[in-house]
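The structure under discussion appears below in the form of structure tokens.
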Amino acid sequence: MTRFRAQTQAHTHWINDIVLAQHHNAVVSASSDLLIKLWRPLAHNAQEPATIGQHADYVKCVATPNQSTNWVASGGLDRKIYLWDLAGGGQTLQIDVSGEEVTEKGSVYALGVNAGILASGGPESIVRLWDPKTGKRITKFVGHTDNIRAILVNDSGDMVMTASSDQTVKVWSVTAGRCMHTLTMHNDSVWSLFSDDPELGIFYSSDRSGLVVKTDVRGTLGEMDDGLSLAVAQENDGVSKVVACGDSMWTATARSSINRWANIDTLADIQLPEVFRQHRASIATTRSRESSIPSLPVPSPPLNGSAKKTIPAKSILRISNTATFPPISSREGDESSIKTHVRKGSEILVEPAASEVEPVHGLPEETIEGQFGLVKHRLLNDRRRVLTLDTAGDVLLWDLIQCQPIKSFGKRHLEDVVPDVNTLEAVAPWCSIDTSSGNLTVVLEPFNCFDAEMYADELILDEPVEFREDQRINLGKWVLRYLFANLIDEEIRRDEAHRWKLNEAVENRLVTGRGNPPLAISIPPSDGWAALDSDGPTPRANGSQYPPVTPGFAIGLATPGSPLPPILDSLTTPLDKRLSQVSRPSVEREDYFSDAIHAPDANQTAKPNQTPASEVPPPTEEKAAKTPGETSKDKEKEKEKEKEKDKDAKDKDGNGKGAPFGMKKFRMGMPSFGGKKIGRSASTAAAEKPAVVDEKAEESESSSNHEKEFEDNFLGVVQKIHSEYEKQLAENPENMVETRICPSLPNDTPVLKLPTGTKVILQEETSGGSAELYRGTVATVGADADIIEQRGPQWLSEVLLLNAIPPKDPIKVSFVLHPWQDKLPSITAADGNNRLNANRMLRVKKILAYVAERIDPPAESEDGDAAGSDALKPEEYLELYCNEQLLPITMSLATLRAHVWKGGNDIVLHYKANGRKHIPMPVEDPVEEASKPESMRVVGQVVTAAA
């Protein structure tokens, strides 16, 4: 019986070949994920498989010369052969196998190796021999007509055996430099060869039809036509690998199970047909008369009545076309059993039909059941759930956010389950699904993993979380936040340790700077700011205190708005933009008619020499020399003037607070470090440098003398944060350093409890595929912080530590609004343009609110305030239709376009009153109407001026 020992998930793609090494204590695997891995399953301190090498394309084969050597060879589609040190020494030799005749056919599909010869083959149909010590080519063999799939080399190094898709097995002499025998026992592509005989006297082969053959050519003295070839077993699928040991054989197919078959001892365990025994006996007699060379081994008759395995005559295969036994005439009795087989070339052979072959074993002795791998999947419309089908026929529903299955549908067709669980949604693609490894793999890439959002009110959470109205959750950021939760905790711990050292020095300076200090003093870290001047610079608050803000929606005219100066984007880091958003008032009335791109607010960054003079007047020496106290008084005066004039708030002295949302207000920017910046609060930067001229001078000096270059990886962001700490201490040596690490909070990314065993893999795209950089689990990412810092990407660090996603313009949807049958006032602009656009996530109820603002402005009470809270909401007395279908108020524009409008042009929407509130039609001035050109008059529907 086969006994289970261990298993591991070593690769993220198909495993194309494996080999035992180092006295069967190590397993070396080659995969389409470009990696060669070494696994020691029997070691006392068994660890995850280690990567010992990597190709630039799929790795198709791996081979080792013997069990005592300390290296393996691998070949792949990158047309390279590499030798790898099993002790972790990396690459020891590289051989370029680019095709001589056709370069693109130089891929390596098969390797055979011993201590002195390395043989390779592939689509070129050419066998090449190499010196594994120098990498130089020894010779090449030409004779196959199709892809070479398997190679064996005997221990003495004078014979090479190859199997090919041309249905033949060829035996080559290294000393003679030519093909000695062509074996044709197979009638389909030969996929695998195996032999544990040092001189290949016994070998096993398998083909695409599932036939497994054992061939014994011992004692034939080079006359392989006299050997014995038996059809041992027949699988239902092609056999990609056959291995034999002792009295058993194992076969691997495309199925997840492995079958074990009884082996056949061609000398003792079988009773061959009488005619075959007579044939071999006659050959043996002839050879014994001619020479003293040992003759063919002939199975002895049974002794003492002991039963031997009787071999059917149909199980004996013609080893080659030139073999004399079994004769073709012995099977010509039934014409239906004869078929004409045309091989490549002009040779036409008459062979027995494949159905006539009768394998010795009809059933395996044992089946090693494999796991039920996933073979098919379907991502649902919400892009948060996926249906999968496994090899057992079971259908499972998975939650991609929770990283676990949530429902089983049993053995059903996948397509039949989809309508039962799918929803009417349209969500932007944010991940890709892969089941090629048999497991469900979700791939996140920076170019789109932050594109998808969902509304917080659609969540079903175990613990209640308070969200703002219409708050959206970014799916990619949400998942990443908790896949790497332990890593974030570890980075926060390291950051605290780093800042503790810096702040300890600050405390020591504060203590030594005081006269006659007391003998003992205690400065609690939480009260470290109490000693600072209240009018001094405001310390930057911990990023975790910022409430997450969902950018407000705006419906604007579908004409391009005035873009911001391009310099702003170049000066603003993702962190600056995030800080700019969170500084906006959370309760701000939306300006539906504002342009698609909002004006920058007080927390946006610009250099002084690029700030319009009308907004920030040039500073005077008097202002530059003011003390903090005088500056505070000036601020009060400025506020009084602003209230009297009722104008937009503008900060004259650079020390004011952020302006209300939508106001055009620029703040002074931080000097850049290596092309990037870590932003600080506007009040801190302004208080430190109240004069524009001074700031410019300091910025120039800092940029020229203190500019640093940081690594373009995860660690680079950590280095930037530490550099900011040092810069802050240099500018304000008496100020304590507060953390700049600000991961997202639960009201921005609700807490997820992901399975701790969920694998986390970092990959890098190469020309040949995805190369693995890191592999761990949700539980181990914290302990692997050093590895992730070196190999993780910069954008991941910014998302996790700074809560900053890469900037990207939102996708907008254009639409037009018309009153239903002209029973309500029109909202067409004065120029006749009624074409609007908005973010694709805009909900129907926001469109109704936009309509209500224009056709039914809220009435004001006597004291000037808007009507009370008992007034009807727009969605309570207005309805929106598309294609005569009433739209739910929670439907987004993206869903509306995909599932209701189903077209590429502007969406046409009609608004209608449901009768719960009377909306008066506007009274048109007859004089004004008569004065309009005829083409501009309202007749039925609003039209634009005729050309």
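Glycine residues also receive a Cβ, built from the backbone N, Cα and C atoms like all the rest.
Taken straight from TrEMBL:
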COMPBIAS  602-613  compositional bias 'Polar residues'
COMPBIAS  620-655  compositional bias 'Basic and acidic residues'
REGION    286-305  region 'Disordered'
REGION    525-558  region 'Disordered'
REGION    598-709  region 'Disordered'
REPEAT    8-39  repeat 'WD'
REPEAT    52-94  repeat 'WD'
REPEAT    141-182  repeat 'WD'
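The DSSP breakdown of the repeat 'WD' (141-182), given as helix, strand and coil counts, is 0 helix, 24 strand, 18 coil.
Each residue of the repeat 'WD' (52-94) gets a DSSP state, and the totals for helix, strand and coil are 0 helix, 25 strand, 18 coil. Each residue in the repeat 'WD' (8-39) gets a DSSP state, and the totals come to 0 helix, 18 strand, 14 coil. Mean model confidence of the repeat 'WD' (52-94) amounts to 94 (pLDDT, 0 to 100 scale).
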